[in-house]
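Q: So Swiss-Prot lists these for the protein:
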{"type": "BINDING", "residues": "Arg7, Glu8, Asp9, Tyr10, Lys64, Tyr121, Arg125, Ser129, Arg188, Leu189, His190", "note": "substrate binding site"}
{"type": "BINDING", "residues": "Arg59, Ile60, Val61, Leu62, Leu63, Lys64, Phe74, Thr75, Arg80, Lys81, Gln138, Ser139, Trp182, Arg192", "note": "FMN binding site"}
Amino acid sequence: MDLHNIREDYSKQELSQAHCHADPIQQFEQWLEEAITAKANEPTAMNVATVLDGKPTSRIVLLKEVNPNGFVFFTNYQSRKGQAIEQNPYAALTFFWAELERSVRIEGRIEKISAEESDRYFASRPYTSRVGAWASNQSQVLSGKSELVAKAALIAAKHPLHVPRPPHWGGYIVLPERIEFWQGRPSRLHDRICYRLVEGKWHKERLSP
């Protein structure tokens, strides 16, 4: 399959270092709000990359909170990503908003959030999603789809109203050490503004595309 001629020339906006926030979290929040306003497809979807047994692995996960400390998502702690994080507590996140010709890359240490925070979020989920968290042994082999459906039915019968949070399910927060903002520009002369955390302070610099 020849893909050589598939390309786009980006020209919608430019990214000025002088106009970027001093705090990259604030810059991210601004860009995320603009992606939501522009009705970008799945604006909170991000690629989460981890390393397990020395090999990189990645998957798409939804961002559920951004705060001054970092970026929060929820998952099954016994999944492959959970195993990778247990073994190597660092992750890289990538957001891509094609509608705005923008991308954000985030790298940092990752740790579990408190059980209380996970409980609050789990309680806010739809009933069927809470049932699914119990029914799915994420990343494990199934004999067939019917096995999963039957298990979900058993969980629903056991918990017709209140579904408690499984102990193996909860949130992680990525504590950023490096955040890069990418804005597509004509002739592949893209804008790249990178923030690095050095001794507790953010340093901002422009990178060559």
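Indices start at 1 and increase along the chain as displayed.
Cβ atoms are placed via backbone N, Cα and C, with glycine included.
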Q: Are there any residues at least 6 positions away along the chain from Leu63 (FMN binding site) with a Cβ closer than 8 Å to its Cβ? List them or say none.
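A: Once residues fewer than 6 apart are set aside, Leu63 (FMN binding site) is near Thr44, Ala45, Met46, Phe71, Val72, Phe73, Leu93, Phe95.
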Q: Helix, strand or coil by DSSP: which one applies to His190 (substrate binding site)?
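A: It is coil.
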Q: Measuring Cα to Cα, tell me the gap between Arg188 (substrate binding site) and Trp182 (FMN binding site) in whole angstrom.
A: 12
Q: Of the binding-site residues Arg7, Asp9, Lys64, Arg125, His190, which one sits closest to Phe74 (FMN binding site) when you measure Cα to Cα?
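A: So, of the listed binding-site residues, the one sitting closest to Phe74 (FMN binding site) is Lys64.
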Q: By CA-CA distance, flag whichever of Arg59, Val61, Arg80, Gln138, Trp182 among the binding-site residues is nearest to Arg7 (substrate binding site).
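A: Spatially nearest to Arg7 (substrate binding site) by Cα position is Trp182.
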Q: Over all pairs in Arg59, Ile60, Val61, Leu62, Leu63, Lys64, Phe74, Thr75, Arg80, Lys81, Gln138, Ser139, Trp182, Arg192, the listed FMN binding residues, work out the largest Cα-Cα distance in Å.
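A: Between the most distant Cα atoms of the FMN site, 36 Å.
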Q: Between Val61 (FMN binding site) and His190 (substrate binding site), what C-alpha distance do you get in Å?
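A: Their Cα atoms are separated by 26 Å.
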Q: In whole Å, how far does the CA atom of Asp9 (substrate binding site) lie from that of Trp182 (FMN binding site)?
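A: Here the two Cα atoms lie 14 Å apart.
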Q: Where does Arg80 (FMN binding site) sit in DSSP terms: helix, strand, or coil?
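A: Helix, per DSSP.
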Q: Based on DSSP, name the secondary structure state of Leu63 (FMN binding site): helix, strand or coil.
A: coil
